Each structure stands twice: as structure tokens, then as C-alpha cells.
Amino acid sequence: MKIIAGPASQLLASKVAQQLNTPPTICDYKRFPDGELYTRIRDDSIDDVTIIQSTPTDSDYVALLQLIDACEEAPTINVVIPYMGYARQDKVFNRGEPVSARAIGRTINADRVFTVNIHERSILEHFNADSFDLDASHLIGNHIRSLNLTDPLIISPDVGALELAKSASADIGIPYEQLEKTRHSGESVTIAEKEIDVSGRDLILLDDMIATGGTMAESIRMLKEQGAADIYVACIHPVLARNAVVRLYNAGVKEIISTDTLEKPQSSISVAPLIADTLKSL
Ligand code: R5P
């Protein structure tokens, strides 16, 4: 099987290929003078392919479509989208809006699509493919266990992240709690006051993604006021837009922990074994 590394998932795809004992296929990505994207796979042998490409930007999404098209003659096309952009617009919140996740999903034609802890599982129905969501929560759980924390507690900042917190906590026997978030805009959230026994304890705030950092920063502030010791934030998808990293350190975070569904300096946990094991089992 050929492993094709999209421009947004070069290292992750290379690690997956390494675990499958196959060299990743070399591809070229550049821009035409007018700004359009040029993509070329430098191997025209006909074989099953797995394309690994996150889509944090519109350009990454176009590259994914180009790669799928370039593999048209492959007997089997697997597409791994470790982080899928637009997944948070999974429904119409205000009249006149698109279901962006559906608009994107419908354009992905493949034999199989794999996502990793996708924001909302119903999005899987939109792909023109058999689709599966891989769960990286146990990888986060194992990392948390290795931190040697004092009387730790995992906290989900909203109900949406509760399943993730439960799952990570079940693996390692650390209790979990949940906060209540209200979103006012893309950048502004409030976290309802909640008395939790956090005094002197190390906390791990866990969410599927950190975007502007607003959710985590507000949570950290409240929990610090209640006497928490070290506060770590952990997520599957480190979007970390704009000044999110500084916002989190300004709020007093000890460390930002994430996977490499998006390749950032904070991506200390690799989902490569999860993807490689899944591909091996096909
Ligand atoms: C939303 O439902 C997600 O699970 C995250 O809580 C959200 O995307 C975090 O966004 P931000 O970092 O901008 O507060």
C-alpha cells in the first residue's frame, strides 16, 4: 500500500508509513504564479493508497481533493483526515447558514474515510465512503499517567468533551469532573462558577480541540481561584489559532499537551500507532 503524505500531515504520515514498513511516497506541493495549488504524486505505480491529510485550512482541503483525484486509478483509496476543518459547523445555528461539515464531507469520494475524534460523529454520514472515527483518548490517558501528578483530576470544560474525559479517565483510574460553558461568540465564552474540590490538586483540562484558547483560559482562571495546583490542558486537535498559546500561559497553564493530528510544537503524543494499527487490520 502506498502512503501519501498531504502537506498538512507530512510528519504524521511518515511515521505511519514507518510503522507499516513502507517508505512514504514523495509528492510535490507548490503554487502556480496566480496562487493556485499544484500537487503531484511522484509515483505512478498502480497500488492501493492511503492519503493522510488534515484540513485545517481551505488550501489543505483543496490539496486533499487533488490527491484523491490523482489516485483515481488506485484499486482502493483510503483517506485519513486526522483533523477535519469546518467540523464545528455541523448544523445550522442561524437561518441561512450551510452545514459546512456536510458541504465538505460530500466532496470526499473514497473507499474508506478515517477521522480522529471528529468533533461530531454524525458528520461521518456525509462522506461518500465507508467512514470510521478513531479514538485517541487512550493515548492522552497514557500520557497523563506518565506525568506523575498529585491527586489528579481530569476536567472537561463543557458537556461536549465529557465522553473524552470519561474515556481518558477510565483507562488510568483518575476521576473526572465537568464544567458548564456558554459560548457568546467565536472568541468569547463564559464558564459557570462551580465548586469542585481542586485545592492542592493537579488538574488536566481535556477538550477535543483548543482553538482560540478562550474555553481553557476561562476554565484555568476559575480553577486557579479555587486553589488548584498545576493545571495542564490537553486536547486531540491543537488548532491554537492566533494568540491561543500566550493566552493559555497568561492564564497560568503548566503545559499544553496534544496529539499530532495537527503538527504543532505542542504535539507530544502521536496518533501514528492508532492509524497504522487500523490500516494493518484492513
Ligand atoms: C467546541 O465545542 C470545542 O469542543 C471546543 O471546546 C472549542 O472549539 C474550543 O474553542 P476555543 O479554544 O476557541 O475556546
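Every residue gets a Cβ built from N, Cα and C, even glycine.
A TrEMBL annotation is a machine prediction, not a hand-curated record.
Here TrEMBL flags 1-108 as domain 'Ribose-phosphate pyrophosphokinase N-terminal'. Positions annotated as ATP binding site by TrEMBL: Asp34, Gly35, Glu36, Arg88, Gln89. Here TrEMBL flags His119 as Mg(2+) 1 binding site. Per TrEMBL, the feature domain 'Phosphoribosyltransferase' maps to 135-257. Residues or ranges marked as Mg(2+) 2 binding site in TrEMBL: Asp158. Annotation source TrEMBL lists active site at Lys181. Marked as D-ribose 5-phosphate binding site by TrEMBL: Arg183, Asp207.
Under 6 Å, Cβ to nearest atom of ligand 1: this is the test, and of the recorded positions Gly35, Glu36, Gln89, Lys181, Arg183 it is passed by none.
Among the recorded positions Asp158, Lys181, Arg183, Asp207, not one has a Cα within 10 Å of the Cα of Arg88 (ATP binding site). The least crowded of the recorded positions Lys181, Arg183, judged by other CB atoms within 10 A of its own CB, is Arg183.
Neighbour list (the residue listed as 'Mg(2+) 1 binding site', Cβ cut-off 8 Å, at least 6 residues apart, same chain): Met84, Ala87, Arg88, Asp90, Ala101, Gly160, Asp208, Met209. Secondary structure of the domain 'Ribose-phosphate pyrophosphokinase N-terminal' (1-108), assigned with DSSP and counted as helix (H, G, I), strand (E, B) and coil, comes to 29 helix, 26 strand, 53 coil.
Neighbour counts of Cβ atoms within 10 Å were taken for the binding-site residues Asp34, Glu36, Asp158, Asp207; the minimum is at Asp34.
You'll find the Cα of Asp207 (D-ribose 5-phosphate binding site) roughly 12 Å from the Cα of Lys181 (active site).
Residue counts of the domain 'Phosphoribosyltransferase' (135-257) by helix, strand and coil are 43 helix, 32 strand, 48 coil (DSSP-based). Distance noted between the C-alpha atoms of Lys181 (active site) and Gly35 (ATP binding site) is 40 Å. Calculated from their C-alpha atoms, the gap between Gln89 (ATP binding site) and Asp158 (Mg(2+) 2 binding site) amounts to 17 Å. On the 0 to 100 pLDDT scale, the model's mean across the domain 'Ribose-phosphate pyrophosphokinase N-terminal' (1-108) is 98. Sorted by the number of other CB atoms within 10 A, the binding-site residues Gly35, Arg88, Gln89 start with Gly35, the lowest.
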